[in-house]
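Peer 1: Here it is, the structure, as structure tokens.
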């Protein structure tokens, strides 16, 4: 079981809504099983080197296990399965004119009575994924058609006319960013912020509950609760941590330890539902990996560990509270008798947060 809480301290609101999410197979797992991950990893590294010269921001890849949620756009609603991503702030889906969106649900504005044209072009770059098109405005509803939905009128979203190969290979129809407006391309108001601004929720925060399902896909994988706490799955401890940057959900981590190794230097971190592993500086992770018996593989950019190993837990201190991550979360079946250790190297070269706390946190 995995659980983490995200707080968005904006505005007032008047309802609470829970929406189920689905776990699907990751691109990384599929490529490891087929033996193609090392080739793709080299390609991804080349793109990262190109992007560092432009933005100096941490990349947000979707190579890990994904958790998808349903939304509808328009009146009547057209349904889409999207990545619910706290590491970005824009909503987009494919437009019906998108020639590269084969196999995905696409949006047809002519079938919506509430659609309004925006007139602006739009593009977004995720490091190893890119989309472009134009902006539109319509009613966006969180949750699947026919269920209890959070309905947000007049929401601006991207209608992609082109997506690159990385996003074509992803099972999702699009991405719904849940971070702050300051992170949004074209300064678009994110859908959830729009809901808060319209006083549609009881409280200006949401809870994420991710279930431990193992190596399965297309199964229920947890719940997003908008406007309140998940009282069914939340524990008694509610820890409030001030954000150090209202862009990503960024805050201070006091320290991290595993077995005999301890680091209390303190780092800026982000909580990102679009990433499943924990990512941090390679200099720290190499020392942690030596303690647990994990071995770094330069061809894949991952640490591998014996599937039957019993490594000590990783402990993370935030705001004086210690969070323990056990071997159940840390040893991930990658198929073919291989297992990944749940931490991966991420070197930000001095720009932005130093750690990313993904789904296993």
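Using the three backbone atoms N, Cα and C, a Cβ is placed for every residue, glycine included.
Pulled from TrEMBL, these are the listed features:
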SIGNAL    1-15  signal peptide
DOMAIN    67-361  domain 'Peptidase A1'
ACT_SITE  85  active site
ACT_SITE  272  active site
Peer 1: Write down the Cα-Cα distance for residue 272 (active site) and residue 85 (active site), rounded and given in Å.
Peer 2: 7
Peer 1: Counting Cβ atoms within 10 Å across all protein chains shown, which of the active-site residues 85, 272 comes out on top?
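Peer 2: Answer returned by the neighbour count: 272.
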